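*Asks:* Just dropping this structure here.
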Amino acid sequence: MDGLMWATRILCLLSLCGVTLGHLHLECDFITQLRDDELACLQAAEGTNNTSLGCPGTWDGLLCWPPTGSGQWVSLPCPEFFSHFGSDTGFVKRDCTITGWSNPFPPYPVACPVPLELLTKEKSYFSTVKIIYTTGHSISIVALCVAIAILVALRRLHCPRNYIHTQLFATFILKASAVFLKDAAIFQGDSTDHCSMSTVLCKVSVAISHLATMTNFSWLLAEAVYLSCLLASTSPRSKPAFWWLVLAGWGLPVLCTGTWVGCKLAFEDTECWDLDNSSPCWWIIKGPIVLSVGVNFGLFLNIICILLRKLEPAQGGLHTRAQYWRLSKSTLLLIPLFGIHYIIFNFLPDSAGLDIRVPLELGLGSFQGFIVAVLYCFLNQEVRTEISRKWYGHDPELLPARRTCTEWTTPPRSRLKVLTSEC
């Protein structure tokens, strides 16, 4: 069996099994490598003008055989792609005879085998991951929609901090929806057309996916910034600029994503814009994300330092310290929960740690929206109190239309005063 026939059979096997590696089908890696190798082989053949050699350079569909003199033989290793299936990749030998190149020996299926049982195992593994992240995103969308409805419907919960919560909820909904849109646009079936598609829908889905990811990180950062400003406020007039956070939280991701789209259109308008992990344009997206994760972690440490000072017995009564802790505990949980593993992975190559990265980012990451809704809404004491009042039939007209702000004053020697909402 020659290289072209074996390559075609491998593609059929990969497409049949639907194996996925990372965010791409495994057959896309195979097709990409074959195209690159074929192009390099043809370019090398064009630069060789020596017609005295017995066998000219040729591409057999899988390997590039260099020009060789009559009576000589060449041995080449199997393509690098086969290392996905094990470390024991063999060599293929061909002789240059008077009549031309001999058949490969040993045959490609023997020298470069593809174990079907391994493909079946990988199919089962990634199918399970897909079921998990589809379920996780679906649960997250439902929980986040309910949480937004609660915070919007209960007027006593209207305050800047809860407004920021709703923005964060919206970014998780956008992120989950972008995953479904991208899957529908790129992986529509078992064919390999998605490996080379260049449709507008495909590119738009990738752009929306990047925008959703960036807005998600920006509003997680906004939560930390707002809490830091709130805890460090030294005057009733030093309120955080909420609308500046709104502008930055949505505007900067739109600006970065728009710049990335312009870069792709100008310099790399090929295929679906999804194969760009080594592209300079990719840092327009990845750079701000890495920066936001680093800043968020710094704010996390700063918030801890502020709380340690404010929770000292000399800095206020038991009620005041309880208010500070209740205000901060959700954000203190979320920042390390959603940031530490990104700090680790952002400084590793994109191909490193796939066995950990895939289930962590696609599987567990799909439940982040649900966790946010639980911490910021369903377990929030004020939210539960308001729902109880509505549920047990208290007349909402007898209650204030809006929650009043509470002024917390520390002992005179500290000369610190904090003006904030309890929610």
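For all residues, glycine too, the Cβ spot is worked out from N, Cα and C.
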*Asks:* Have a look at Swiss-Prot and say which candidate in C78, C145, C159 forms the disulphide with C112.
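*Replies:* Answer per Swiss-Prot: C78.
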*Asks:* Have a look at Swiss-Prot and say which candidate in C41, C55 forms the disulphide with C64.
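*Replies:* The record-listed partner cysteine is C41.
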*Asks:* V206 and C305: same side of the membrane according to Swiss-Prot?
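*Replies:* That fails: Swiss-Prot puts them on different sides.
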*Asks:* Hey, which of N49, N277 does Swiss-Prot call N-linked glycosylation site?
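*Replies:* Among N49, N277, the one Swiss-Prot marks as N-linked glycosylation site is N49.
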*Asks:* Can you check which of N50, N216 Swiss-Prot annotates as N-linked glycosylation site?
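*Replies:* Record says N50.
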*Asks:* Give me the stretch from 131-151, 211-231, 284-304, 358-378 with the greatest number of Cβ pairs under 8 Å to the transmembrane segment (168-188).
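*Replies:* So the stretch in question is 211-231.
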*Asks:* How does the topological domain 'Cytoplasmic' (152-167) divide up by DSSP, counting helix, then strand, then coil residues?
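*Replies:* The topological domain 'Cytoplasmic' (152-167) comes out at 13 helix, 0 strand, 3 coil.
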*Asks:* Okay, the transmembrane segment (131-151) and the transmembrane segment (358-378): do they have at least three CB pairs under 8 Å, pairs separated by 6 or more?
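*Replies:* Taking Cβ pairs at least 6 residues apart, the transmembrane segment (131-151) and the transmembrane segment (358-378) are in contact, with 3 or more under 8 Å.
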*Asks:* Would you kindly list the residues that approach the transmembrane segment (241-261) from elsewhere in its chain, counting only those six or more residues past its ends and only Cβ-Cβ distances under 8 Å?
*Replies:* 160, 163-164, 167, 207, 210-211, 214-215, 218-219, 222, 225-226, 281, 284-285, 288
